[in-house]
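Trainee: Below: one structure in C-alpha cells.
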Amino acid sequence: MRSSRKALNMIKYLILMLTFMCVVIEIIQIVVGAVLHRLFATYTVFIDNDFVRATHFLIAVGIVLVFLSIFGFAGIIFENVIMILLYAGMFGLIVILEIILASAAFSMYYRVDSMLTRRMNIVIQQFFSDSFMRASFNHMQNEMNCCGIQSYADWANFHPERDLPNSCCRRVDDGCMPHERGCHAPMSDFIGSRTHMIATGTVIIIVFQVICIVTAIIMGARLSKYKQQLRAAGMSPGPVTAPELIMTEKPKY
C-alpha cells in the first residue's frame, strides 16, 4: 500500500509540473496569437480571411486551455478521479481541434504565393480609385522597401498614364528612383514565415499536451485503483492527511 502511494505521489507531482508548464505555454500562445493577429490585420487586404481567423482560433484555444489547466490543477491537488479524467477528456477534444488548426495552417502556408498574386493584382488595379487600397499598398511599399508586385514595371502595366507613387521611390531628389524589387517576394516571406510559425508551433504544443493527457489518464487510473484498495482495507479513500497526534498523558480536569 505504501509503495502504491509513493508511485501515485510521483505521478501527481509530475503532472502538476507538466500542467504548470502547460499554463505557461498557453499564455505564450495567447501572446503570439495576439501579435500575429495585429501583424495580419495590418495587411488585411492582401490575405484571405482564414489567415486572420487562424490567429483568432489560436487566442481562443489558449484562453480555454488556461482555464482548463486550472481545473486540472484542482482535480490533481484534491485527487478527484472524475475531475482528472474530465480534464484529460476535454484536453483531448481541444487537441483534436488544434490538429485541425495545424493542418489548415500548413495548407495555408503552401498557398501564400498564389493568394498574394491574386490579392495584389486586385489592390493595384484599385489603387487610384479606392483610398483604403491605396493606403494599404503604400504602407506595404514603405515597410518592405519594394515597388509593384514583381517589379516597378507593374505600375506601367496597370496604370500607364500615371506616375509612380511616392512610396515606390528610394529617392525623389532628382525624380523618382524606384525600389528594384517587387513586393511579392518580401510579402511572401513575411506572411509565409508567420503562417509556418502557427503550424509548427501548434504541432509542438500538441506533442506536449498529449504527454499531459497521457499522464493525467495514468494518474486517474492509478488513483482510482488506490482508492479501491483503501475501501477494501476499510480506510478513507480521501487525500492522505497528516496522522493525529497521540496523547502521552491523561488530561487533567
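Cβ coordinates are placed from backbone N, Cα and C, and glycine is handled just like the others.
Values in this document were obtained by computation on a predicted structure and should not be read as measured data.
Got these off TrEMBL a minute ago, pasting:
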| type | residues | note |
| --- | --- | --- |
| TRANSMEM | 12-36 | transmembrane segment |
| TRANSMEM | 56-78 | transmembrane segment |
| TRANSMEM | 85-110 | transmembrane segment |
| DISULFID | Cys146-Cys183 | disulfide bond |
| DISULFID | Cys147-Cys169 | disulfide bond |
| TRANSMEM | 197-221 | transmembrane segment |
Trainee: Output, ordered by sequence, the same-chain residues six or more apart from Cys169 (disulfide bond) with a CB under 8 Å from its CB, or 'none'.
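Mentor: Non-local contacts for Cys169 (disulfide bond): Cys147, Cys176, Met177, Pro178, His179.
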Trainee: Quickly jot the same-chain residues contacting the transmembrane segment (197-221) by Cβ under 8 Å, restricted to those at least six beyond its ends, or write none.
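Mentor: Here the qualifying positions are 8, 11-12, 14-15, 18-19, 21-22, 25, 29, 32, 36, 54-55, 58, 65, 72, 76, 81, 84-85, 87-88, 91-92, 94-95, 98-99, 101-102, 105-106, 109.
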Trainee: Could you list the residues of the same chain, at least six apart in sequence, whose Cβ is under 8 A from the Cβ of Cys146 (disulfide bond)?
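Mentor: Counting only residues 6 or more apart in sequence, the Cβ neighbours of Cys146 (disulfide bond) under 8 Å are Met140, His179, Arg181, Gly182, Cys183, Ala185, Pro186, Met187.
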